[in-house]
Amino acid sequence: MAPTFTNSNGQPIPEPFATQRVGQHGPLLLQDFNLIDSLAHFDRERIPERVVHAKGSGAYGVFEVTDDITDICAAKFLDTVGKKTRIFTRFSTVGGELGSADTARDPRGFATKFYTEEGNLDLVYNNTPVFFIRDPSKFPHFIHTQKRNPETHLKDANMFWDYLTSNEESIHQVMVLFSDRGTPASYREMNGYSGHTYKWSNKKGEWFYVQVHFISDQGIKTLTNEEAGALAGSNPDYAQEDLFKNIAAGNYPSWTAYIQTMTEAEAKEAEFSVFDLTKVWPHKKYPLRRFGKFTLNENPKNYFAEVEQAAFSPAHTVPYMEPSADPVLQSRLFSYADTHRHRLGTNYTQIPVNCPVTGAVFNPHMRDGAMTVNGNLGSHPNYLASDKPVEFKQFSLQEDQEVWNGAATPFHWKATPADFKQAQELWKVLKRYPNQQEHLAHNIAVHAAGADAAIQDRVFAYFGKVSQDLADAIKKEVLELSPRK
């Protein structure tokens, strides 16, 4: 049976396109609730877009434990090989707006929500293992340079390269971004990385620093700069279409999950800080260890309800998993939930895609607010009342934690020559693959050619600290593309 058309209060409407008026061609009547209701709702359809990661695609799936890592982490959803957990993953670009191209040269967001029996776990990752900054106060400045000039409202190569060359700790991520990894062929054919260091613990009270890797079972495929640009013009929703159609056709993408681990003693001996988001952990010294696999096998039924309203936060953890002292991660613990309250409202966790499946959310002091739709805990007191028994579940046996000692001090983690070491190693790695060094130099040159000469000279010097061959190749093409008088 077909549904009956109604207005928002459920009243049947016999003619949806008729409007009440004085005669057939007279003025409209304010009492026409169908018209007023429809227009008022239309005026409020849009919510604020994400300030970063605005353009995205998502799908549901399942995570399965493939290997026992209970010696590292006692999280309940990992306690048994073969155990399965429902998930929702959202992929995204970072800098573009909602209508921007999926193939833009940009990092890709790779956020996954695990609906576990002990609450929702959000792993909010990217497709690159490092990032541009390690001082969180730089984040708003950095993002502004990746967006639009406030005067012209155009993307601005001067802003872009002025910031990066002034903050040289960015070099490693910039090398990744301007390699062909910066333009993935699809969301299915890219990896995901925690980037940040986390702390996981076992039931003995032992804890470990952890980095997580999601390795695409489809392999890595990329686009050249020219291929990505052509697709941006011909099909800006290319990655969204690819993901949706493949899942609809039963071609379910999957990723294998690995961890790298360090003890506190190993971290103290490492040649870099485990809290430095601009560095990777060498695989030879800190090998990958498999623990699971996840498959995306179900498309959303409604994009707005399930993808646009999906809200992830690294502060959403489960027992035996916690953040490290990584300063950028620490700032994200606040910022993500704060932006969701702005975009979606104070009760964003009641939206179905964000709601824990256990139904076991009990925090009686967090009540009321706009769009409270879950019963609001009924008649229960809105505080922890002494006459209402509450269970407090103990889950952590950790006794031996990090010890921090020092005065409160403002600290700017400035770049040093050591920040170019891993970028130099990446340059050598690219030589192993056909044309990848040439593609990197070309991709940088095409972008930097749009900057002023003074900024271009800083770009040449910036990459010269990685390799003079790289800097020379960039300079040669830049001057061909934008000859100087």
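Positions of Cβ are set from backbone N, Cα and C atoms, glycine also.
As recorded in Swiss-Prot:
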- H53: active site (ACT_SITE)
- N126: active site (ACT_SITE)
- Y336: heme binding site (BINDING)
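Here the recorded positions are H53, N126, Y336; the one with the fewest Cβ atoms within 10 Å of its Cβ is Y336. The two recorded residues, H53 (active site) and Y336 (heme binding site), have Cα atoms 12 Å apart. When the alpha carbons of Y336 (heme binding site) and N126 (active site) are compared, the span between them is 15 angstrom. In the three-state DSSP assignment, the secondary structure recorded for N126 (active site) is strand. The DSSP secondary structure for Y336 (heme binding site) is helix.
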